[in-house]
Amino acid sequence: MTPQEKLNLHLAESKAKHFLDSTFAAHMDNIDPLKALRDEFVIPTRGEIAPGADRPDEPCTYFCGNSLGLLPKAVARYVTEELQVWGEGAVNSHFKHRYGRPWVRIEETVQEQSARVVGAQKDEVAIMNTLTSNLHTLLAAFYTPTQDRHKILIESKAFPSDHYAVESQIRWHHRDPLDSLICQEPRKGETLLRTEDILETIEKHGHEIAVVCFSGIQFYTGQYFEMETITKAAQAKGCIVGWDLAHAAGNVPVQLHDWNVDFACWCSYKYLNSGPGGIAGIFIHERHATNFDRNRLAGWWGHDKATRFDMVNEFKPIAGAAGFQHSNPSVLTTSALLGSLSVFEKTTMKDMRAKSLLLTGYLYHLLTTEFTTDVLDIITPADPEQRGAQLSLVFKRGKMMEIFEGLSKRAIIGDERKPDVIRIAPTPLYTRFEDVRLFVVALKELVAEVY
């Protein structure tokens with residue numbers, strides 16, 4: 001049964017007259033199996049987000065988890081505990097810790113939970129650094145260009161930091177991006193990339209492609225790429241395959257191990273809710289775990305734990321992803337991630353995805369039935385299986401910023417991408433169906449004002 005068919009059944013159950021009826025949203029929120037998880041988050045009030053807004057003490061309507069997730073209440077406890085331990089034990093807290101989390105092993109407190117989120121085995125994951133630095137770390141190990149195989153394939157509108165990183169890695173090897181970078185373009189007049197076109201590029205150029213490096217979910221359009229299909233096709237041509245999961249981790253269920261992905265990286269401040277600039281993660285498939293001949297950017301935290309503090313200048317890497325660590329991780333940002341993951345421990349990616357399909361499906365239905373295409377278009381795929389939580393809305397006739405500012409004054413938070421896109425991401429951990437309904441009601445008022 002499709003998400004829309006499920007929504008139709010729930011409409012009948014709710015006895016609401018139509019989908020924009022508050023009775024329907026209330027019914028959906030009442031039967032939501034994840035509804036209690038909303039109370040795990042600090043939700044800013046309308047007055048805090050938009051000073052001067054009416055009903056200032058009520059929670060705002062937040063759709064920006066694709067950019068920065070809301071603060072889990074547990075984060076304050078975990079971070080405060082580390083500040084307490086720092087104050088009480090100072091350097092001794094590396095090995096003796098009041099709460100059983102010695103700093104010398106702090107990354108292990110979030111390793112297993114992170115692996116479950118991305119469909120990996122524990123030793124295939126390391127929590128370290130930040131996203132772009134991790135992408136550089138992985139490309140330094142896995143991009144080994146030769147005279148015949150030196151190209152990297154990315155999507156044409158990759159997130160700028162990814163594009164910069166890939167270009168700089170090519171130049172690092174004294175090559176020209178004009179020769180060694182392939183940017184997969186959508187067809188003329190289209191915004192999304194077709195899987196068959198990506199596969200055609202791989203088939204045609206696979207013999208000269210060293211690395212295929214796509215985003216799991218495209219940041220601008222919200223398109224969820226067919227990761228398993230693309231990975232299999234590229235590896236069949238001898239390519240290494242890596243994925244940037246910034247917009248996928250904690251958003252959609254991925255199975256990095258089962259899909260045989262070579263490497264992946266992600267941040268933790270979007271759907272994983274670890275806070276601005278939060279610590280990031282890497283995945284390296286177990287097939288590469290003991291390939292110690294592969295070059296890497298080495299650091300002491302990637303050295304054998306048993307002899308790390310012997311301070312011998314002969315690098316002995318840990319098997320698996322941990323062997324790619326550089327320095328000891330930030331205790332405070334790791335603890336913030338631990339607080340966030342404690343919420344994920346109360347549900348599963350499968351259950352989150354089930355709610356997300358209905359929640360974003362509800363938003364998609366309202367937008368396509370309440371507005372005409374001369375006002376807005378949705379550039380995110382219509383197929384629920386090809387998107388995550390986010391919908392990207394293109395507003396016509398140069399009205400996007402007026403709409404965005406109007407929403408902000410009403411304490412409804414999405415984000416804008418110039419020239420004409422507003423991204424709206426109902427996040428299943430804390431977004432209600434009523435939030436979606438309120439957004440559409442407010443948007444109808446704004447459209448009536450500015451168009």
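Cβ coordinates are placed from backbone N, Cα and C, and glycine is handled just like the others.
Note that the structure is a prediction, hence the values are computed from the model and not measured.
Pulled from TrEMBL:
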type	residues	note
BINDING	L131, T132, F159, P160, S161, D162, S215, D244, H247, Y269, W300, N328	pyridoxal 5'-phosphate binding site
MOD_RES	K270	N6-(pyridoxal phosphate)lysine
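A straight line from the CA of S161 (pyridoxal 5'-phosphate binding site) to the CA of K270 (N6-(pyridoxal phosphate)lysine) spans 16 Å. With the fewest other C-beta atoms within 10 Å around its C-beta, W300 stands out among the binding-site residues F159, W300. Distance from the CA of H247 (pyridoxal 5'-phosphate binding site) to the CA of K270 (N6-(pyridoxal phosphate)lysine) is 7 Å. When the Cα positions of L131, T132, F159, P160, S161, D162, S215, D244, H247, Y269, W300, N328 are compared pair by pair, the longest gap among these pyridoxal 5'-phosphate-binding residues is 31 Å. Residue environment of S161 (pyridoxal 5'-phosphate binding site) contains 14 other Cβ atoms, counted within 10 Å of its Cβ in all protein chains.
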